[in-house]
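Trainee: Just dropping this structure here.
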Amino acid sequence: MQGIRLTDGANGTFSRVDILYDDQWGTVCGDEEWDLVDARVVCHQLGFHNATKSYKNASIQGSQFYSMNNVQCHGNETSISSCRHERFQRGNCPVEAGVSCQENALINSLMLRVNTGDGLQGIRLADGLSNSSGRVEVLIDGEWGAVCEDYYGDWNLVDARVVCRQLGYNTAIAAPKQAFFGEGYGPVLIKDVQCTGKEASLSSCRQDATVYCQHHYVVGVACGGKDRSLEAKSKQGLTFFVCHDY
């Protein structure tokens, strides 16, 4: 499976679940196995906070190319493709699966238009006290995950400033750690970050992938001062664009 999306929803939070397979968009069958546990995996994979409902008949005619049948998730999967399911089949489902996702109103994210070459494709703040604070999450190879420091790690304002500048803020005012903003969902993707403060991206900072790090050590930031020049650059269609709060 190459991708996933929600389509034909009234506001993007309820609709049919589509999957990308063999460069063709198809659907997920809303059979007897499809339930709220499966819906939560889909919503988490798409970056939503949670799922509020699953639909076994989205009442929207989908693709004629491929379908994904008999999906059975445990709930801890980071992708629907990791859930138990039958092989992809040609032809559309007679009854298609849908979800209703709950947005996190305090997610503020910056997504890169192009792959940076090191796999990092995006960065965001989640579950913060405002749109300028939260748990640091990164998008690598299509998967959102956390940034973590082990018990002896030194996540500090220098590291936080790199994140805040990357998101378009002028500076960082705090660098909380030990899951101050919650442990979140998904894997730990970046460990033991050591920035000099001159980096333009968190991925350019020194990292140690061998460090043993669990979710109760994920880190966060609190940023200050929005950089309007960065917003202007985004409007000119350069490398990045800013996705404002939902």
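Using N, Cα and C of the backbone, Cβ positions are placed for all residues, glycine too.
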Trainee: From the candidates CYS43, CYS73, CYS83, CYS93, select the one that TrEMBL records as forming a disulfide bond with CYS29.
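Mentor: Disulfide mapping in TrEMBL sends CYS29 to CYS93.
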Trainee: According to TrEMBL, which candidate among CYS195, CYS223 shares a disulfide with CYS205?
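Mentor: Between CYS205 and one of CYS195, CYS223, TrEMBL records a disulfide, namely with CYS195.
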Trainee: Among CYS73, CYS101, which cysteine does TrEMBL link to CYS83 through a disulfide?
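Mentor: TrEMBL annotates a disulfide bond between CYS83 and CYS73.
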Trainee: Measure from the CA atom of CYS29 (disulfide bond) to the CA atom of CYS195 (disulfide bond) and give the result in Å, rounded to a whole number.
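Mentor: Cα-Cα distance, CYS195 (disulfide bond) to CYS29 (disulfide bond): 46 Å.
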Trainee: Mind looking up the mean pLDDT for the domain 'SRCR' (123-224) in the predicted model?
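Mentor: Computed over the domain 'SRCR' (123-224), the mean pLDDT is 87 on the 0 to 100 scale.
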Trainee: Which of the disulfide-bonded residues CYS29, CYS93, CYS205 has its Cα nearest to the Cα of CYS73 (disulfide bond)?
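Mentor: Among CYS29, CYS93, CYS205, CYS29.
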Trainee: Radius 10 Å, atoms counted are CB only; among the disulfide-bonded residues CYS29, CYS73, which position scores highest?
Mentor: CYS29
